[in-house]
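Only one structure is covered here, and it is reproduced in the block below.
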Amino acid sequence: MEPNIYQLALAALFGASFVAVSGFFMHFKALNLVLERGKERKENPDGDEPQNPTLVRRRSQVRRKVNDQYGRSPASLPDATPFTDGGGGGGGDTGRSNGHVYVDEIPPGLPRLHTPSEGRASVHGASSIRKTGSFVRPISPKSPVASASAFESVEESDDDDNLTNSEGLDASYLQANGDNEMPADANEEQISMAASSMIRSHSVSGDLHGVQPDPIAADILRKEPEQETFVRLNVPLEVPTSDEVEAYKCLQECLELRKRYVFQETVAPWEKEVISDPSTPKPNTEPFAHYPQGKSDHCFEMQDGVVHVFANKDAKEDLFPVADATAFFTDLHHVLKVIAAGNIRTLCHRRLVLLEQKFNLHLMLNADKEFLAQKSAPHRDFYNVRKVDTHVHHSACMNQKHLLRFIKSKLRKEPDEVVIFRDGTYLTLREVFESLDLTGYDLNVDLLDVHADKSTFHRFDKFNLKYNPCGQSRLREIFLKQDNLIQGRFLGEITKQVFSDLEASKYQMAEYRISIYGRKMSEWDQLASWIVNNDLYSENVVWLIQLPRLYNIYKDMGIVTSFQNILDNIFIPLFEATVDPDSHPQLHVFLKQVVGFDLVDDESKPERRPTKHMPTPAQWTNAFNPAFSYYVYYCYANLYVLNKLRESKGMTTITLRPHSGEAGDIDHLAATFLTCHSIAHGINLRKSPVLQYLYYLAQIGLAMSPLSNNSLFLDYHRNPFPVFFLRGLNVSLSTDDPLQIHLTKEPLVEEYSIAASVWKLSACDLCEIARNSVYQSGFSHALKSHWIGKDYYKRGPDGNDIHKTNVPHIRVEFRDTIWKEEMQQVYLGKAVISDEVVP
């Protein structure tokens, strides 16, 4: 009868199991013999007789028997064949000297034995020469990865000074699991590991065979960031021709003009407040508390559209003189003449292309090193570095789903709230929706119709209509206005919800732009009252004031008679609150949170280029809207004087940060080059290589919004943001209008993610852009010190803290070096560069 197939399989399984168990037993027993012999040698370092000679003799006989049967011990074990009288390692009597049993080492003539394992090139113990520090290495308590750096092994040399010759087998090496300590007399200076070279302390563990797992991941964390060397580009400065020298002198003149115009604080913020411990600043528990300060002796009056400040009523000397309109427009025309010169355009284009290629070469040589440097910074990645939304309008700060949920909740919870006065009748919220033939059930995102679509491209008027939910201006007035029948309570509540979302994210900040129209002087007090009464304060938020350029509309409506009326309505209350804070207490505390002033409207509208001799604001009584640069000058001049006055009284200052270069003429960018700290958009710089190069040299901030531009003026793939970034312009990403543009709860992260996906930005690129956004923002010196490092105001790697920014010193040093080289090129080797970044 033939055996059953299952019986054959069972027999084969039993035989294989028996062989496996036997092999394991022999392997385990041989290993134990080696380990016990090592312990005995350690316990008797001076050659004393072992305590149990019978046991030693029996072990030697077993070892000889094993070697006779199997030839040689397994490759995974150190060679431990008995020493014989004839010097051989096979049979014969066990060799003794003074009663001691010796263990044979691998003959020196044989090559090293390599037994590769996963993630390792070789197994320790194959050679009698090894680095002492590699016997037992600290590893992370969360990972079995050894701390020896894979990159240290490349950098360290194989000199004899770094090597230790171990005679025979070292029991401490065999006990790699930490049961036995390292011998105290074995090169203590090499075994000891300086604590300063470790980022964290780690527990010691390992496996029995001394085979360490792959060390790469943990090594990256153990290494101090930025210890790796990188390839520095060394491109010698070109010797300019005579034509290039003249072009460089023109660029120098433009940069010096800007220095004369832009407001700079007399005492830098880091000199006023020295931050020794950049820990989390204490939250402001009473942001709207007002303490009487009294009125100063200053006196001011408006002359030709610009406020002049005097020490007292009898004084005639202007305390804070500013360039007049004629001088400004003359200098503006000089800049326009420079940017139109053909030879200068050619030179600047060539320099910009060279900047781009230098960065590409830097990435080819150092991208991997930047990546590893980022990995070495514990805790930090793109998600938990500070990012500031440097350009976002408050009326569109929420996404469409958020607004829809809020409207539905109010319609459900407060249907009988009187919300609007229309056509001589007060209407409740329910009556408003009934008049629109809508119910809460009918509402959805599509019906809300606030999202920009194809119809808004090159149609700024249609884009503005998207601020009306369901196409109804009455819903905009109820939910998105602060000066309405309910004193903006609904807008205040949804604003608080947005603040709460920002605070929950912790690492996202915003600078919200809120409108002052200039129709009446009481607008400032109304806005400040709305902010204070609704307790709209967050450590993650500051405010900018935006002025819509709508003079022609107000003139047609009969609200104003001249442009001077708008300037009076905007700036007179600010000077009053500065000279006498008690006269406008709510405005005074609100201005502590205002960091910038913006100009907004459709830049694509045609306008006349201003001449050197323009009418004064009081003389501007025609129905046409003044040119963009006309608005810019008078806002700049009044803000300059206001900031000088506020600085003299120890108050916060307000920078000019308008929309510019989104569309329209290149003149807009020339005017903002002379007067502004940073701008929003700036995509038209792609049309002027000279202005683009000047913006690079001056490091003027550009808060760019590619998704917003994609809906209005420029397709996403044509946006110049990636080119600007490669060339080294000071760019940041912003959202502009989340209500119309974005779809997620975190619009700023959405902006970053789309840019990273489309333009293949690396993690280092994203963190550099986020760092730029903090520099451009108007947050306090204390907060910036906490967010990006206490020395953030210093140039180059000295001002970078990778543990806070996650930007490698390699990238920062490259940017700083290239910028300094360009400045020396433009100034013909005579540039005077400050060690501090101009705020």
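Each residue, glycine too, has its Cβ placed from N, Cα and C.
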Candidates His308, His659, His809, the one Swiss-Prot lists with His391, His393, Asp736 as binding Zn(2+): His659
From Ser134, Ser500, Ser785, the one Swiss-Prot labels phosphoserine: Ser134
Record feature phosphoserine (Swiss-Prot), assigned residue among Ser153, Ser203, Ser734, Ser777: Ser203
In Swiss-Prot, the member of Ser73, Ser140 to which phosphoserine is assigned: Ser140
Among Ala289, Leu739, which are binding-site residues, the residue with the most C-beta atoms within 10 angstroms of its C-beta: Leu739
Length of the line joining the Cα atoms of His290 (ATP binding site) and His393 (Zn(2+) binding site), in Å: 28
For His391 (Zn(2+) binding site): intrachain residues, at least 6 apart, with Cβ closer than 8 Å: Glu511, Arg513, Ala680, His681, Ala703, Ser705, Ser734, Thr735, Asp736
Among Ala289, Tyr291, Gln293, which are recorded as binding-site residues, the nearest neighbour of Asp737 (substrate binding site) by Cα: Ala289
Cβ packing number for His290 (ATP binding site), 10 Å threshold: 14
Same-chain residues at least 6 apart in sequence whose Cβ lies under 8 Å from Lys295 (ATP binding site): Val579, Asp580, Asp582, Ser583
Other CB atoms within 10 A, centred on Gly294 (ATP binding site): 7
His393, His659, His681 as recorded positions, winner by CB count within 10 A: His681
